[in-house]
Each structure stands twice: as structure tokens, then as C-alpha cells.
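**Q** Before anything else, here's the structure in question.
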Amino acid sequence: MMTQYKLQLEATNFTKQQLQQQLDILEQNNILQIALAGRSNVGKSSLINALAGRKQLAKTSGTPGKTRSINFYAVYPNTFMLVDLPGYGYAQCSKIERQHWAMLIEYYLKNCSKLKAFVLLIDCRIPPQKLDYELAEFATSYCIPLIPVLTKIDKCKLVEQNKRQKEWRALLNNTQPLLVSSKNMKGVQQLWERIQYTIDSY
């Protein structure tokens, strides 16, 4: 039986100034954070909804690049934050907009002292991509524990899932990616357990 968690959207930040104000508040109240990031159209909003057990907490869209801000979701009864970072790698938006999203992500990772893990979402259907690997390297360079997650496994055969796990395990110093589907909920409880274990370690 799945553990029940309640998620509530607490804040949305579009600028570096807004983000710093939010980080200051969380720092003062000693609120721990778990960040989620991934390429545009990786299924991040759908996964947040699956984690929450709700359909429209995070807005989903067939158009990549839906998340254009940093969104903070309070998790109850444990009282920590899931932080939804903007999707990256969406070629159809302007270069300036892509640079702004990258700046927000980098600023957050560099300045959040309460960030306890970085959940990197990776599309199971495609081979390892440079942007995903670079973001994983960036997070680990700041000593942020990495939780790699292969999404959309309901669209991949088992042999392909195993292949992707092996590829990423080789790239991430033998860290085993979780296999998750927001559609059939496979792996969602395991992801919650990994997140909870990380929070309980502090």
C-alpha cells in the first residue's frame, strides 16, 4: 500500500530576486528541500501529480517547456519541499529564455543550503544525452546527492529499460536509476521511499 503524502503549491519564482527571498524564508525555518529536474517533455509535471495522487496539481501539457518557473511544493505530514525546476533543452523557445531558465537552475543549486537531493528525470526511450549528463555532473560537483529516475517506462520494453539502466549506471559511478511510470504508477512508491530516506538522514 502506498504511503499517503499531501502536496501543496507554496510558491512560484520567476526571477532570481524572488528565488533568493524564498530560499531565505526556507533557510530561516530550516525547511529541507528535494529538487526535481529534467529535459522538457520528460514527464516531470505528470510525475509530481503521481507523487501527489492528484491529476492537476502540476499543470501538464503536450507542448514541451510548460514549467517556466521554480515551483515549491510543501510535502505533508513530513514538512519538506519538493522543488520543481524548469525543463531544459527545449529548442523552440528563444535563446534568451533558455539562458534565463539555466540561470535560475544554476542559481538555485549554488545557493540552496537546504537542498538534500537532486532527482534527475531521464526519458527511458532515448539514449543518454549530453545535457542530462552535464546537469548530473554539475549537481555532484556541489556534493548534492543524485537520484536518477528513468521516466515513461510504460512506453519501453523491459530489454530497453535494462539497457538504459546499464548505460546510466556506467555514467553515474554505478548509481542505479529508478524505473518509474506516472501512467501505471510503477516505481512511484520506491521514489517516495528514496526521498523519505534522504530526508530522514538529516
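Every residue gets a Cβ built from N, Cα and C, even glycine.
Quantities reported herein were computed from a predicted structural model and do not represent experimental measurements.
From Swiss-Prot, for reference:
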type	residues	note
DOMAIN	30-201	domain 'EngB-type G'
BINDING	38-45, 65-69, 84-87, 151-154, 180-182	GTP binding site
BINDING	S45, T67	Mg(2+) binding site
**Q** Find the average pLDDT over the domain 'EngB-type G' (30-201) in the predicted model and report it.
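**A** Taking every residue of the domain 'EngB-type G' (30-201) together, the mean pLDDT is 89.
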**Q** Need the DSSP three-state call for K44 (GTP binding site) to compare against my parser.
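**A** Reduced to three states, the DSSP call for K44 (GTP binding site) is helix.
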**Q** Might you list, by sequence position, any residue in that chain lying six or more from K152 (GTP binding site) with a Cβ less than 8 Å away from its Cβ?
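**A** Once residues fewer than 6 apart are set aside, K152 (GTP binding site) is near V42, G43, D123, C124, R125, S181, S182, K183.
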**Q** Report, in whole Å, the straight Cα-to-Cα distance of S45 (Mg(2+) binding site) from G38 (GTP binding site).
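**A** With distance taken Cα to Cα, S45 (Mg(2+) binding site) is 10 Å from G38 (GTP binding site).
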**Q** Starting from the Cβ of G38 (GTP binding site), draw a 10 Å sphere and report how many other Cβ atoms land inside it.
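**A** So the number of other Cβ atoms within 10 Å of G38 (GTP binding site) is 24.
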**Q** Let me check the 10 A CB neighbour count of V180 (GTP binding site). How many other CB atoms are there?
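**A** There are 27 of them.
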**Q** Would you identify which of the binding-site residues N41, S45, S69 has the most other C-beta atoms lying within 10 angstroms of its C-beta?
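**A** Compared across N41, S45, S69, the most Cβ atoms within 10 Å surround S45.
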